[in-house]
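Chemist: So TrEMBL lists the following for this protein:
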type     : residues : note
ACT_SITE : ASP66    : active site
ACT_SITE : ASP259   : active site
DOMAIN   : 48-385   : domain 'Peptidase A1'
CARBOHYD : ASN322   : N-linked glycosylation site
TRANSMEM : 423-448  : transmembrane segment
Amino acid sequence: VVLRPGSGTRQQDNLGEADGLALASDPGGTLNFLAMVENLQGDSGRGYYLEMLIGTPPQALNILVDTGSSNFAVAGVPDPDVTSYFNTELSSTYKSQGIDVTVKYSQGSWTGVLGTDVITIPKGIYGSYTVNIATILESENFFLTGVKWHGILGLAYDALAKPSSSVETFFDSLVRQAKIPNIFSLQMCGAGLPVSGSGTNGGSLVLGGIEPSLYTGDIWYTPIKEEWYYQVEILKLEVGGQNLELDCREYNADKAIVDSGTTLLRLPQKVFSAVVQAIARTSLIQEFSSGFWTGSQLACWDKTERPWSIFPKLSIYLRDENSSRSFRISILPQLYIQPILGIGDNLQCYRFGISSSSNALVIGATVMEGFYVIFDRAQRRVGFAVSPCAEVDGSPVSEIEGPFTTADVASNCVSSVSFHEPVLWIASYALMSLCGIILLVLIILLLVPPRCQHRYTDNDVVNDESSLVRHRWK
């Protein structure tokens, strides 16, 4: 059972008691959601990671949870920046597929080999499962000094998997083998805590369902627009309750995604500029250097002060499952004005937790730390609920409100949505017919029409300069 938006009552979710919350109290079942509570550690600056046992006998590694990519990859050789790695020679169940895989980032890359092995998750679903795993043999600027994770768990769709979408993703393997519902949920607890601190912030990755103790109030759902990233539709932004008054397509240029592997809230350049101007106009102190807004400088206050009262609330409106309605998720400044460095006994310095992006709006840890986020792949939707751990000094720093009408926005704010596979083929046949007509006209030149088909390319990535895996393709 989950709370439905606006209902005020609990209604049965389609997971059903057989597959869903009833199993939370069943220690012998495949799913024991309470056992998954607090199974993550980390922080918003370096990422949240899950302990996993890989191979036979099991080797324990910490794996970064990333909803913005789709490969499961771990260090496969010693590296000066990792404390552990997966030694395939010590695992009797490891099988190499002999397929090389390279993932390149805007700054950094890794190359490895695809294989399969068994995994178990000590604080996850019960049992051992065979999954695809890439062992990283060479890397450049991928593993970072001081991080406590040794690999990355991509939880997005197979369309983003490398070297091709034929590589079954980790979560798809769990759904198929463990017969769990096609849904997972994520809570990251770092609100108001120092960025890149001790790395001991808590969090929860619930595989197969929803744990009621991890949220308060209603769960509000927004449709997934396309199954590659978790792409959603954003209708408008407000700063201090004032609408930015931008064309809603600007917020989705060229996509808007929910990505736990990105540290900041990333906004398309035009949106970012409007937000910065609105925050500066609304805040009580407007004399900040441009370096603070661009992330190259910190702003410092006396440790006895709380600068958050200076800044306004930021609200993001998402389209509801009922397309004529919307809801808004709001973050208080405690989430986007982030403590990062103490100087001496007197000063605490903060960074701006929002940055600009060249090709996407990315709802990263800055926002996600305020909410319990449900990735309901079965019903093609992402849910948001207020997280009880999103508190600073005993007060909530996130809000969800709705419903609101969508009469003041366009019926479709996504300027270019990638086609689903059946539609892709229909479009391909239509375009091929058109190409055939052109061929008849140009037959004397013996031209061959190009194949008119869209594919995900290297351009269909997030060039994310604030990613937890730093400057990497997502």
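Any Cβ shown, glycine's included, is placed from N, Cα and C.
Help me see these features in their spatial surroundings.
Modeler: The number of other Cβ atoms within 10 Å of the Cβ belonging to ASP259 (active site), over all protein chains shown, comes to 25.
Counting only residues at least six positions away in the same chain, the Cβ atoms of PRO403 sit under 8 Å from the Cβ of ASN322 (N-linked glycosylation site).
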Chemist: Just to verify a number: CA distance, ASP66 (active site) to ASP259 (active site), in angstrom, no decimals.
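Modeler: So the alpha carbons of ASP66 (active site) and ASP259 (active site) sit roughly 7 Å from each other.
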